[in-house]
Amino acid sequence: MSDRTESRPVESLNEEEARAELARLAGQIAEADLAYHQQDAPIMSDAAYDALRRRNTAIEERFPALKREDSPNEAPPGAPPAAGFSKSRHGTPMLSLDNVFGPEEFAEFAARIRRFLGLSAEEVLRFVGEPKIDGLSVNLLYEDGRFVRGATRGDGMVGEDITRNLETLDELPRQLPAPHPARIEIRGEVFMTKPDFLAFHAEQTRLHEEREARRAAGEPVGPAIRIPVNPRNAAAGSLRQLDPAVTASRPLRLFAYAQGESSEPVAETHSEYLKRLEGWGFRVNPLSRLLPDEHAAGAFQAELAEKRAGLAYDIDGVVYKLDRLDWQSRLGFVGRAPRWAIAWKFPAEQATTTLLDIQIQVGRTGALTPRAVMQPVNVGGVMVQHATLHNEDEIARKDVRIGDTVILQRAGDVIPQITGIVPEKRPADSRPFVFPDTCPACGSHAVRPPGEVIKRCTGGLICPAQQVERLIHFASRNAMDIEGLGIENIELLHREGLVNTPAGIFRLKGHTERMRGWEGWGGRSGKDSRKITNLLAAIEARREPSLERFLFGLGIRRIGAQNARLLARHYGTVEHWRQAMLDARILGSEAREDLGGIQGIGPAIAQELVEFFSEPRNLEALDDLLREVHPQPAETVAEGALSGKSIVFTGSLETMTRQEAEARAESLGAKVVKSVSKKTDLVVIGADAGSKAKKAAELGLRTLTEAEWRELAGMG
Ligand code: IVH
């Protein structure tokens, strides 16, 4: 694979390889376009996208005959409108911009303009430089001065009609003061500022976590919460809401910068046009500037690069537009971009700093996540001090060590990434990072199941990082089902320090005075006073839960409702279960074999139970809880012949499936187990039975043939 065409220089490709490369690039670019424009979910960085396009263009230039009909350079930018909005055709196409990355490329761009227009070297080329904001471009149609329609870019020809949503923007003029053309399209960028984005991001993250908690507790959840990755993504998602009220609640801004169709000319130069926009009440970026000649672009670029960090919004470059509109129209467009404008992009925002520490954070579900703590550094206008290191393997793969100089990158995204280290700066005494085996929040041991990347804390019931999550689960509908004890109230009770553990819920009645002091909980009469009484009554009503609800409520990993039922049926009483779990901590013990042998449990789940019981403080919390609640023995079929008996099926049955036989046994109150031990009451022996039959005989257990079993089970 060393000579994969995708990494080879364009000059070295032969015709066949070039054709294959163009096909690959067309596919990748189309996919990226769709993700970016229609799904608001970019799948690659801007830099990677630009690299693909440049490579595509370079190959096309070398092999013009191979240019595809669906070449990304011919295809309109963007993607077709998504379902849900009606379509809106633009008066003139909304195009995109070509990029340059340095002064030579910019000079080439200016030289192309001179050649095209046949201008001498003496002729001055004036450009307007404008910050390139990474938002969402919109087309705004005004008729007789009134805003009548607004659309996204869509595929460049047809966009989505988002008029109602745009009307919620404060910065959008509804009526243009006269004079104005009878009909005019004005274009601009809708965006979110960095502070607004950060607040919105935090809020969405909180809503997402709440939803996850609800889901984990088996409660109904609403639609998925989208966490935006960058301001552009947030602006796009906000504008494309089917409900304008949602858009209205989002802090969106608008800068106007271009014109589309117009029933009459409104200016002779772009700079003059920008003034007209301001006169009509649009916001034009105050940093936009008419430059005296093309050579001033470099200094303007440097000036904005310098300002970039301090701006309230993200910019990823500068757009240079030829000022004279008559020249603009002579130059026209090529493929998807105008010949008279270019985007000069900034390099990705990077910085280096020292890694001071690697902290381990404990998530609400017990996941241990490493977080880099760095000497604070400015990366593209955001002071950065933390970055995620994802997991244990990631740290090992990058060999990131405390004391290293790390390279941080922020590519328009909120959370910066550590992209690598500077090996020459590594201190001589540095050591590879050792991921801890204990939970930093509670000291319980942390385990990483085989095949998983996440290490988890086992101190479920006592770990402060997990308490809220555990309490929510414990009280939830499929567990203890305590009415009135939903997420909000649990968070409140926990925040106020009244409830830390499940047992604490049952001691809440000692705190009524405190609760009465809270807003909405207080009054001595009416709804408020009933709130506390009702809650306490709901709690009292759950002091004798079924064993299976109780076991499920403990929130032991992998013990969902189904497995809790199996355990309840198998062990019958909580005392029995508790003792068996303690005994099962010893590998190879009878209790361990018995546990792993329960139909549907198996060794991995047995291991989770053992981990839980190996943490002494979990046991303390369990016993504490058992002083408050008394789980009822598991439901068994009333006084059936097999009530409470444990039964093993071995060999193949001829008149019924194994599944049917086991279901029947369970419905009669028996516990079906897989392995034979001296505690087994019955062993049903089918054809070709092997070691289990032998063991049953050795232990002198009661055995049944299939026919005898049918008889006993009332199956005739
Ligand atoms: S002019 C024909 N001016 O950049 C010219 N675009 O990569 C069309 N953008 O689709 C665009 N700031 O979303 C123009 N001052 C600015 C801009 C700007 C941001 C965005 C816009 C456009 C994209 C092109």
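Keep in mind that glycine also has a Cβ here, set from the backbone N, Cα and C atoms.
Residues 62-90 are the range that TrEMBL records as region 'Disordered', among 62-90, 497-525.
When each of the binding-site residues Leu97, Cys463 is scored by how many other Cβ atoms sit within 10 Å of its Cβ, Leu97 comes out lowest. Checking the binding-site residues Asp50, Leu97, Cys439, Cys442, Cys463 against ligand 1 with a 6 Å cutoff on the Cβ atom leaves Leu97, in sequence order. Here the binding-site residues are Cys439, Cys442, and the one with the most other Cβ atoms within 10 Å of its Cβ is Cys439. Of all the binding-site residues listed here (Cys439, Cys442, Cys463), Cys439 has the Cα closest to the Cα of Ala48 (NAD(+) binding site). Counting in whole angstrom, Cys439 (Zn(2+) binding site) lies 51 from Leu97 (NAD(+) binding site) by their C-alpha atoms. When the Cα atoms are compared, Lys321 (NAD(+) binding site) and Cys442 (Zn(2+) binding site) turn out to be 60 Å apart.
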